[in-house]
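According to TrEMBL, the feature transmembrane segment maps to 6-25, 30-49, 55-78, 85-107, 119-137, 172-191, 211-228, 240-259, 265-289, 301-319, 331-353. Among the features that TrEMBL reports, domain 'Major facilitator superfamily (MFS) profile' is placed at 168-397. Residues annotated as compositional bias 'Basic and acidic residues' in TrEMBL: 362-376, 388-397. If you look up TrEMBL, you'll see 362-397 marked as region 'Disordered'. Annotation source TrEMBL lists compositional bias 'Polar residues' at 377-387.
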């Protein structure tokens, strides 16, 4: 549990650093270097014979490379798409669902035929493809390097405020979003890590547990396409309500896992869980664009993913400890359903808060214009009063 949790946690823990590098050097360089680091981590993991080095090669090195390759793929979409950003995010993120469906069966065949180490080397091919794909990124929004370098193309290190753009936390709706989502994720990934082991404990080897991953992957891809398109029709920050619904259903499905004493019931649970998992993932970037704008979206996503790393790393091992002490995953799955419900309730206030912020921002320039007009009127009145005696004196002479 610690190897997989550390890997998932590091992907998101590095995100604030990735956002800084993305702003400094652009999406293309960051994505290419990240894929190269991930390739090195995965390849080195194939030569490890004990579990301890895997904490570094797979849990840290490979995960950091994936983080540097992953986040630019979300940022680059906002450079090209505005009106249909939700649909585009759904299409792009649906690719991971495709591999979630196919990889379990492919990995089972590869491990049985060539072993674990050669399987990791085969997976390096995918990382190399990702390395090549990074060269296709061509940002339209200028980054800090272009702004500071000017026409000469020389890179000048930007000010500290531009490197760590903590100004996004001045936006109240973003603060609620950035802390509400991590609160929901303490139990979000527990089923994804421990569901297969729970199936073996309850049903033994008589059922094909890969079917559950198949159900999760298929419906997650469908959910990303459907809800990505639906998000385009929902104006402004009201897109958050889709995430609220996804957290509610995922929390409910997590609590229902221990109640399923028939394998068919688990299949139904996984179908719904995958559908709303796709909803949560595909609209993350569109919500960030709505809350902070296109210029600050890179670091806004980075800070959010960084905060998400804490519950993602801590949640699954705690569930594993509960199973070790209690001998069953039932309590762990019941407790895993509580944080998504709490986090979803927190997110409900974001649209209302965001609308109030927009009203205040609209009122500020209006007030500025009125004060300027008042000052202009005062200046004209003063000038008129001073001109009158001058004219009288001229007429007298």
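From the backbone N, Cα and C atoms, a Cβ is placed for every residue, glycine too.
What you see is a predicted model, and the numbers here were worked out from it, not measured in a lab.
With pairs at least 6 apart in sequence, the transmembrane segment (6-25) and the transmembrane segment (55-78) have 3 or more Cβ pairs within the 8 Å limit; the two touch. With a cut-off of 8 Å between Cβ atoms, the residues of this chain six or more beyond the transmembrane segment (301-319) that come close are 1-2, 4-6, 8-20, 22, 67, 71, 74-75, 168-169, 177-179, 181-183, 185-190, 193-194, 284-285, 288, 329, 332-333, 335-336, 339. Sequence-distant residue pairs (6 or more apart) of the transmembrane segment (172-191) and the transmembrane segment (85-107) include fewer than 3 whose Cβ atoms are under 8 Å, leaving the two stretches without contact. Long-range contacts of the transmembrane segment (240-259) within the same chain: residues 177, 181, 184, 187-188, 190-191, 195, 198, 227, 230-231, 234, 265-266, 269, 272-273, 275-277, 279-280, 283-284, 287, 328-330, 333-334, 336-341, 343-345, 347-348, 350-351, each at least 6 residues beyond the stretch ends and with a Cβ under 8 Å from a Cβ of the stretch. Outside the transmembrane segment (331-353), and at least 6 residues removed from its termini, the chain residues within Cβ reach (under 8 Å) are 172-173, 176-177, 179-188, 190-191, 194, 198, 236-238, 240-241, 243-248, 250-255, 257-258, 291, 311, 315, 318-320, 322-323.
Recorded stretches compared: 85-107, 119-137, 265-289; the one with the most Cβ pairs under 8 Å to the transmembrane segment (30-49) is 119-137. Panel annotation: around the transmembrane segment (119-137), residues 26-28, 31-32, 34-36, 38-39, 42-43, 45-46, 65, 69, 72, 76, 107, 110-111 of the same chain, lying at least six beyond its termini, place a Cβ under 8 Å from a Cβ of the stretch. Long-range Cβ contacts of the transmembrane segment (85-107) within its own chain (Cβ-Cβ under 8 Å, at least 6 residues beyond either end) map to 73-74, 77-78, 119, 210, 213-214, 216-218, 220-221, 224-232, 239, 274, 278, 281-286, 289.
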